[in-house]
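Written below as structure tokens is the structure these notes are about.
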There are 2 protein chains.
Amino acid sequence: MSTSERVSTRTDQPTDREQQVLDRIDKARRRKPKVREERVTLAHGSGGKATQTLIEAVFLDAFRNPLLEPLEDSASFPVDAGRMALTTDSFVVSPLFFPGGDIGELAVNGTVNDLAVAGARPLHLTAGFILEEGFPIEDLRRIVTSMTAAAETAGVQVVTGDTKVVQRGKADGCYINTTGIGVYEHARELGVATARPGDAVLVSGPVGEHGITIMLERGELDIEADDLTSDTAPLNGLVTALLDAVPGVRAMRDATRGGVATILNEAARAANVSVTVHEDAVPVRTEVRGASELLGIDPLYVACEGRLVAIVDGEQADDALTALRAHPLGTEAAIIGRIGDDPPGMVLLNTAFGGTRIMDLLVGDPLPRIC
Amino acid sequence: MSTSERVSTRTDQPTDREQQVLDRIDKARRRKPKVREERVTLAHGSGGKATQTLIEAVFLDAFRNPLLEPLEDSASFPVDAGRMALTTDSFVVSPLFFPGGDIGELAVNGTVNDLAVAGARPLHLTAGFILEEGFPIEDLRRIVTSMTAAAETAGVQVVTGDTKVVQRGKADGCYINTTGIGVYEHARELGVATARPGDAVLVSGPVGEHGITIMLERGELDIEADDLTSDTAPLNGLVTALLDAVPGVRAMRDATRGGVATILNEAARAANVSVTVHEDAVPVRTEVRGASELLGIDPLYVACEGRLVAIVDGEQADDALTALRAHPLGTEAAIIGRIGDDPPGMVLLNTAFGGTRIMDLLVGDPLPRIC
């Protein structure tokens with residue numbers, strides 16, 4: 001409904017009544033914007049006054065930077081000639097807050113990591129929010145603050161955004177899309193399709209902590225694991241360290257949905273090679289191993305949000321391990337397997353008991369909404 | 001749950017039983033991927049087999065292009081030195097299908113338009129889907145097909161994407177985020193903050209059709225309007241025609257949420273000028289006018305998805321009008337108002353009855369989820 005003031009005049013000069021209205025509006029506008037509501041309303045998604053207040057008082061206040069500040073519908077920035085990377089990810093994790101992080105930190109790190117493991121330097125992020133009517137403004141602030149901190153740590157900026165509000169029962173509090181662009185500062189061609197027999201497979205740290213943390217936080221398992229926290233972290237620094245030290249890096253991937261096993265299956269197919277993983281060599285924390293057993297799921301299928309899988313020239317595997325371990329996010333890195341040629345397209349697991357089994361792609365979704 | 005086949009062997013050569021398993025998996029993989037389910041399941045969001053099938057059989061099949069095809073976590077492409085634009089938008093329109101379009105077409109056009117009105121040539125889009133468990137696969141195909149057609153019309157490609165699935169009751173069928181990047185091929189500085197007294201305000205066609213179409217489609221008003229369809233359209237061609245013809249274009253905006261009135265308020269504030277709109281000059285279809293009256297809302301606040309507002313040097317207003325009208329999407333363009341200097345930051349409407357009223361930003365949201 002238009003709430004425009006109706007002013008009955010046909011002259012060009014404002015009447016006294018009009019001037020009062022103008023003065024009142026002007027005064028209201030000069031106030032620092034402040035969200036008065038405690039919860040998100042449909043009006044916050046209207047594009048009108050409430051949207052503007054939300055954007056200025058919550059998003060701009062936290063993300064503030066010269067590219068975002070004009071609040072135009074798009075951000076603009078100069079680029080050098082070269083190659084760029086573009087990636088997108090939506091986050092629907094439940095619960096929104098969990099030990100070691102929240103959806104905001106996850107949304108920044110996840111997109112930063114997709115750019116980093118592609119070998120690109122993350123540059124700018126966009127943030128698209130879908131909010132459920134009734135979502136607490138304080139929770140939104142907490143998420144946005146956490147995004148700002150994560151962006152600062154990763155050396156990126158949120159340069160443009162969008163907010164939609166849906167009715168109660170049409171979302172689950174807050175969903176976030178982050179899309180990122182990055183620049184390639186080297187000419188190396190990375191990609192799982194370049195894996196070849198003799199290459200080594202490394203992980204940068206213990207697997208499955210993020211996924212298990214989320215499951216435990218939901219209270220679906222009767223397990224206490226006070227020390228377990230999400231591994232969410234920006235991997236761009238670790239990636240740079242690895243690329244600088246090891247010319248023979250073939251590919252990197254962050255082991256999110258589907259975990260390490262899914263990535264290795266994608267690599268095996270893309271390069272038409274086999275991958276053999278030594279179960280004993282895979283770092284897994286005791287709490288993760290215990291919970292995984294109760295869930296009947298292999299930790300190699302559980303999501304991490306701050307671990308990468310690297311495929312490197314076999315002769316440079318030790319150098320890669322040294323480079324990873326020298327970085328704070330890679331102290332527990334390990335060489336977990338090898339690329340072979342037979343059977344092509346397959347991942348085999350040499351189990352701790354001396355057997356071998358095929359580690360195929362997952363069917364079903366044992367851990368929904370972990371990111 | 002891991003569904004890996006357990007194969008009991010400790011030798012390097014596959015046994016007969018193993019070979020059978022390998023052959024079966026190999027055969028399954030060589031089949032053209034096909035989604036067998038009729039509805040989206042949580043497994044489609046797992047990152048595993050079902051996700052891969054969905055991506056290959058639905059998304060890749062429709063969007064297929066060389067940048068998307070590697071299905072890595074990010075797309076990479078070369079860029080020339082210059083200035084780029086980045087914009088993001090989430091779409092939560094209800095209903096998903098409506099006269100004249102659907103959420104897919106809207107998602108492509110909306111992001112193309114945000115780039116176009118900024119003066120950038122739209123280049124690449126990302127597509128992030130949040131799907132509700134149980135959403136019909138056929139509806140998803142229809143949406144994706146419509147996105148492909150819209151992208152082709154606009155001359156852009158979907159180069160990377162993401163799919164998440166949430167439980168029944170945690171979304172409303174399908175939400176889509178599209179993020180777009182574009183390149184500036186000129187050095188003009190456009191922006192509503194550059195508006196100055198004497199400038200003219202134009203719209204490229206009748207206002208409010210999209211918003212009213214959505215409202216009528218929801219059946220919330222007892223009105224028949226068979227001829228009314230959404231105005232969703234890609235504006236990049238129209239923008240190029242205008243920029244080529246008129247050096248004095250100050251700013252363009254697509255009139256989505258909040259409609260023309262909201263954009264003019266943003267311009268008035270950003271440039272600290274006044275805007276006077278002549279109600280009589282604003283093109284509005286009869287059906288839109290009628291429905292707006294029943295809703296008690298001014299059509300100037302109702303969303304369009306294929307109309308732009310342009311602010312141009314007053315002396316070039318007629319040239320701008322001619323350029324817009326020469327384009328198929330601008331045949332009903334009109335000059336609707338002028339920029340002045342007083343009262344600064346305000347939008348005034350000269351009504352059809354000869355009065356004047358302040359046209360402020362909307363409070364509340366009379367038309368939720370129209371985009």
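Residue positions begin at 1 at the first shown residue.
Keep in mind that glycine also has a Cβ here, set from the backbone N, Cα and C atoms.
What TrEMBL annotates here:
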type	residues	note
REGION	B:1-43	region 'Disordered'
COMPBIAS	B:7-26	compositional bias 'Basic and acidic residues'
DOMAIN	B:73-183	domain 'PurM-like N-terminal'
DOMAIN	B:196-343	domain 'PurM-like C-terminal'
With DSSP as the yardstick, break the domain 'PurM-like N-terminal' (B:73-183) down into helix, strand and coil residue counts. 33 helix, 53 strand, 25 coil
Could you give the number of helix, strand and coil residues in the domain 'PurM-like C-terminal' (B:196-343) as assigned by DSSP? 63 helix, 27 strand, 58 coil
What average pLDDT is reported by the model for the domain 'PurM-like C-terminal' (B:196-343)? 95
